[in-house]
Each structure stands twice: as structure tokens, then as C-alpha cells.
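Participant: My questions will all concern the structure given below.
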Amino acid sequence: MNVEDLMSWHRPQLACLTAAGADIIAFETIPSVREAEALVQLLREFPNTNAWLSFSCKDEKCISDGSLFSGAVQVALKNPQIVAVGVNCCSPDLVEPVLDSAKTKLKPELSWVVYPNSGEQWDTHKGWLAQEKKTGSLSQFCEIWRRQGAGLIGGCCRVGPEEIAKLHQILKQKPSDKQS
């Protein structure tokens, strides 16, 4: 699909959400720069709406389509209605290096949004598969992400209420003065 087709596909959903009074829109699990471009342009049609863009990533530097995350961040920054940009539905192990790969691109008035999954991988034939190497829990990483500038931190696929409660307990405290 081209940018115009993607805008046409997203327009009815965005119109419905804004008409219902949503105060912020989460455009999430974005796999490509092209889709990000479409969303950034489409958002201009809804000038009283703010949003965040959250990308799916395939490794420590790239989003799912193979584009650099730093380039995807630059696309997001083309619209002042974007209040945060980041990643979701990826392994917690990837978040720190992905954010580091684009740290020079993030404007001071914005924050990162991060909500990775549990670290398991989805296989369309076999379902959820454990990773070969053990991934740390979100609560083990959240202070690092906060020091990197993440203002919105949560969990995606296979992150349960217990882990979210741990995140809440840690994040409601004053940020740590420790250096990573």
C-alpha cells in the first residue's frame, strides 16, 4: 500500500476515536516508515488530536521493515502533534539499544514510549515460543528506560497484571539517581 492508501485505511478509525473524545491516540506496532509517514500526515487532518507512534522492531537498530529506527523517529518528529515516539511488542532486551540508536534524534520536549512484550516470540504455526536466552522482566529494565527518557512505560503481549503492578511500584517512586 502507498501512503495515500494507508491514510484512507486509517482515516475512519481516527475519525471515530476523535469523535468519541479520545484525548490521545496510540498508533502502535507500526511496522514501516511508510505507515508512519501516512499517520503523521493524516494526523494533520485532526488538528486538536495528539498521538504517539510506537514501532515494532526486528533488531537493535531497525524497525520491522528493515528501516533504521532513527529514521522512523525523524518521520514522527515532522508533526508537532506527536507527543512521544518509541517501540512496543518487542523483546525487553531490544529496548535499550533501540532507543540508544536514535537518542540524538529525539527532541527535548518529547519522550520515549516503551511497552515491550514478555520476550517470547510469536510463531504463526506454533504459537508463543520462549526465547533461547532468558529475557529480563520489564521491572528489571524500567529504570534504564526512564533514564533514557522514557516517559510512558508499560507492557505489551504476554505481560500480565503482576508485572504491570511491579512496574507501577517502581515507577511511582522518584527516579533513581543511579547511572547506567
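Note: Cβ is positioned from N, Cα and C throughout, glycine not excepted.
Unlike curated records, TrEMBL annotations are generated automatically.
Sharing the features that TrEMBL gives for it:
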| type | residues | note |
| --- | --- | --- |
| DOMAIN | 1-171 | domain 'Hcy-binding' |
| BINDING | Cys89, Cys156, Cys157 | Zn(2+) binding site |
Participant: What count of other C-beta atoms do you get within 10 angstroms of the C-beta of Cys157 (Zn(2+) binding site), across all chains shown?
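Facilitator: A count of 16.
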Participant: Within the same chain, and leaving aside Cys89, Cys156, Cys157, name every residue whose CB is within 8 angstroms of the centroid of the CB atoms belonging to the recorded Zn(2+) site, in sequence order.
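Facilitator: Once Cys89, Cys156, Cys157 are set aside, the remaining close residues are Thr29, Asn88, Cys90, Tyr115, Pro116, Asn117, Gly155, Arg158, Val159.
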Participant: List the residues of the same chain that sit at least 6 positions away from Cys156 (Zn(2+) binding site) in sequence and have their Cβ under 8 Å from its Cβ, in sequence order, or write 'none'.
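Facilitator: Asn88, Cys89, Tyr115, Pro116, Asn117 - these are the non-local Cβ neighbours of Cys156 (Zn(2+) binding site), listed in sequence order.
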Participant: What's the number of neighbouring CB atoms sitting within 10 A of the CB on Cys89 (Zn(2+) binding site)?
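Facilitator: The answer is 18 other Cβ atoms.
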Participant: Tell me, what is the mean pLDDT of the domain 'Hcy-binding' (1-171)?
Facilitator: 91
